[in-house]
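Marked as transmembrane segment by Swiss-Prot: 4-24, 42-62, 69-89, 93-113, 131-151, 158-178, 203-222, 245-265, 269-289, 293-313, 331-351, 356-376.
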Amino acid sequence: MSRFLICSFALVLLYPAGIDMYLVGLPRIAADLNASEAQLHIAFSVYLAGMAAAMLFAGKVADRSGRKPVAIPGAALFIIASVFCSLAETSTLFLAGRFLQGLGAGCCYVVAFAILRDTLDDRRRAKVLSLLNGITCIIPVLAPVLGHLIMLKFPWQSLFWTMATMGIAVLMLSLFILKETRPAAPTNSDKPRENSESLLNRFFLSRVVITTLSVSVILTFVNTSPVLLMEIMGFERGEYATIMALTAGVSMTVSFSTPFALGIFKPRTLMITSQVLFLAAGITLAVSPSHAVSLFGITLICAGFSVGFGVAMSQALGPFSLRAGVASSTLGIAQVCGSSLWIWLAAVVGIGAWNMLIGILIACSIVSLLLIMFVAPGRPVAAHEEIHHHA
């Protein structure tokens, strides 16, 4: 079992590493490519677009051909794209490389969640996804620090060679450690079960909405945090870095505690707790009389996301034993596109950073609480499949 957990964790971590590691080198990249930092900030959106594009096909291919045939090309593409970015001499080539990086990371991301659905029952999957969420929270803190240390001695291209090295490690794991977990092709007797695994299932759609809103909350916070903390609250850059590190610490602590909480409380209780924390955070930020109270509200955001997201993802994948790849892709596309659409619309309409965050917190909590309370799981399916090793 440990091989599946190690491989799944490694496959997922390419996604945040690709986002966060290069940011520290952005000024130097812009200078070398004769582009402005503002022009290269679009590299974040291009990367997410690549991920979304990969998710359009990766899930279906993973369900038809297997998890390894998607993970291996995905990791290989991430390696090639990282090298391509390091060799880019224009901003156009650099952005093209970032899109290809997103494609590779998206393939790996989809496969990771499908593997966990294949190999773990509901309760263990919820615990593992909570742990995975905690580990993922480490990357936004460690990746820029690692990038800074690398750039003390080496040029910015070394950041992408480091990402390529990470991709090589994932490729080796996918080739030699990961065993195929895709359930055997359905027989005629399995057709009714396969047909019943509809993406239009009310319970699945409710969890898609809940997880998409939750990701929108956390990405809105990440995107608005420089404005909130440095411009509105007046913290210095060093203080900002310290606060963000502390919020990551809160996220990790809660994520690592959630598996123990699942041994005591029902998953539904933790999901309700998550949304209550979001609602409390929104109200706290709306009426905050001081910076200290506002910072407390921010910690509630991190705690709320960490306690509920892994559980909600596990519930979303639960109904799918034969179409786990497609379900994972659908979740990923909804989360990436939904959160990006909200942030873009809020900026176009002219909603300020503070109100943008408060608005999504309150909307997420109210909508999600209603869905949790009124949309119950349907008929249970097999919790996980026996692992079949394919030649």
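Glycine too: its Cβ is placed from the backbone N, Cα and C atoms.
When Cβ-Cβ distances below 8 Å are used as the criterion, the transmembrane segment (293-313) is approached by residues 113, 126-134, 137, 207, 210-211, 214-215, 217-218, 221, 233, 243, 246-248, 250-252, 254-255, 258, 261-262, 267, 270-271, 273-278, 280-282, 284-285, 331, 361 of the same chain, each at least six residues removed from its ends.
Just going by CB pairs under 8 A, the stretch in 69-89, 131-151, 245-265, 269-289, 331-351 that sits most against the transmembrane segment (4-24) is 131-151. Beyond its flanks by at least six residues, the transmembrane segment (331-351) meets 45, 48, 51-52, 55-56, 106, 109-110, 113, 207-208, 211-213, 215-216, 219-220, 223, 313, 316-317, 359-360 of its own chain at Cβ-Cβ distances under 8 Å. At the 8 Å Cβ threshold, with sequence separation of at least 6, the transmembrane segment (69-89) lacks contact with the transmembrane segment (356-376), having fewer than 3 such pairs. For the transmembrane segment (356-376), the list of distant contacts is 202-203, 206, 209-210, 213-214, 216-217, 220-221, 224, 228, 268, 271-272, 274-276, 278-279, 281-283, 285-286, 301, 342-343, 346: same-chain residues at least six beyond its ends, Cβ to Cβ under 8 Å.
Of the candidate ranges 93-113, 131-151, 203-222, 245-265, 93-113 contributes the most Cβ pairs within a distance under 8 Å of the transmembrane segment (42-62). Comparison of 158-178, 203-222, 245-265 by number of C-beta pairs under 8 angstroms to the transmembrane segment (131-151) places 245-265 first. If you look at the transmembrane segment (203-222), the same-chain residues 6 or more away from its ends with a CB under 8 A from one of its CBs are 140, 271, 274, 278, 298, 301-302, 304-305, 308-309, 312-313, 315-316, 319-320, 327, 330-331, 334-336, 338-340, 342-343, 346, 356-357, 360-361, 363-364, 367-368, 371-372, 375-378.
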